[in-house]
Amino acid sequence: MKVLWAALLVTFLAGCQAKVEQPVEPETEPELRQQAEGQSGQPWELALGRFWDYLRWVQTLSEQVQEELLSPQVTQELTTLMDETMKELKAYKSELEEQLSPVAEETRARLSKELQAAQARLGADMEDVRSRLVQYRSEVQAMLGQSTEELRARLASHLRKLRKRLLRDADDLQKRLAVYQAGAREGAERGVSAIRERLGPLVEQGRVRAATVGSLASQPLQERAQALGERLRARMEEMGSRTRDRLDEVKEQVAEVRAKLEEQAQQISLQAEAFQARLKSWFEPLVEDMQRQWAGLVEKVQAAVGASTAPVPIDNH
């Protein structure tokens with residue numbers, strides 16, 4: 001860091017002699033930078049501030065910066081600062097996730113998804129900064145001995161745009177983390193409230209029991225015996241009431257069973273009568289026919305017997 005601050009100081013003193021014209025910063029960037037470098041001083045915000053300071057130094061495109069851009073030193077420094085920022089951000093996110101345990105699973109998943117998206121955007125834009133510098137180094141080396149004013153102007157424009165994107169990413173990430181932290185605080189308060197609701201009745205019961213034991217200890221033996229007798233009597237009455245209720249339930253069930261049996265018996269009787277009527281309708285014609293045949297047979301037999309018993313006439317000569 002001492003080397004970094006020394007480089008910044010040298011850049012500031014030599015700014016007037018730089019070959020490249022310094023880019024004009026928008027008026028709103030100081031406020032955004034203040035937000036990006038962290039109002040609460042979280043480790044990830046401090047790490048992002050170090051990345052930010054290094055980017056501002058690179059953005060000056062002073063002679064020293066141009067010399068170092070021809071070597072991989074700048075990109076290595078940016079890589080280190082990027083890794084440090086993302087590491088601190090992941091650690092802070094893990095800490096908030098532990099505090100979010102009492103929150104509903106759906107809410108926790110939604111907040112985690114939004115935070116991961118904001119974190120990914122910040123990482124992608126930081127990676128874009130490094131890629132632009134690598135591309136610039138390659139183009140400068142390819143144009144060795146030629147004018148690189150156009151390349152430097154293009155790089156300065158790209159860095160300004162990327163800087164604005166990084167500011168927006170940092171601001172969005174701070175807002176997401178604030179929502180995440182608020183959810184963790186709300187979940188913790190809800191968990192404490194739930195514990196208080198569970199323990200409240202138990203504490204009240206303990207207090208009542210303690211008061212009862214204290215009052216019983218101060219009463220004479222006769223009063224305690226009388227109170228015990230009343231409690232036993234109340235208990236017996238309660239048991240008797242429960243028994244009567246149970247008997248009433250059994251009676252109702254027996255009555256229901258009896259009604260069902262009577263209904264089934266009536267149905268069986270009706271079915272038997274219907275079956276009897278059906279049998280009668282089947283066999284009645286047959287019986288009548290047999291009776292007719294029998295009557296005819298009897299008449300024939302009687303006629304035959306009458307004919308055989310008639311007197312034979314005697315011939316007198």
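The backbone N, Cα and C atoms fix where each Cβ goes, glycine too.
Residues or ranges marked as region '8 X 22 AA approximate tandem repeats' by Swiss-Prot: 80-255. Sequence annotations record features per position, and here Swiss-Prot assigns phosphoserine to SER147 based on similarity to another entry. What Swiss-Prot lists as region 'LDL and other lipoprotein receptors binding' is 158-168. For LEU162, ARG163, LYS164, ARG165, GLY229, GLU230, ARG231, LEU232, ARG233, ALA234, ARG235, MET236, the entry in Swiss-Prot reads heparin binding site. Here Swiss-Prot flags 190-211 as repeat '6'. Per Swiss-Prot, the feature region 'Lipid-binding and lipoprotein association' maps to 210-290; the stated evidence is similarity to another entry. The repeat '8' annotation in Swiss-Prot covers 234-255. Per Swiss-Prot, region 'Homooligomerization' is recorded for 266-317. Sequence annotations record features per position, and here Swiss-Prot assigns region 'Specificity for association with VLDL' to 278-290 based on similarity to another entry.
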Could you please provide the mean pLDDT value for the repeat '6' (190-211)?
52
Binding-site residues (LYS164, ARG231, ARG233, ARG235), the one with most neighbouring Cβ atoms at 10 Å
LYS164
Could you give the maximum C-alpha to C-alpha distance in Å for the residues LEU162, ARG163, LYS164, ARG165, GLY229, GLU230, ARG231, LEU232, ARG233, ALA234, ARG235, MET236 that bind heparin per the record?
87
Please report the number of other Cβ atoms within 10 Å of the Cβ of GLY229 (heparin binding site).
10
All chains considered, the count of other Cβ atoms within 10 Å of the Cβ of LEU162 (heparin binding site) is 18
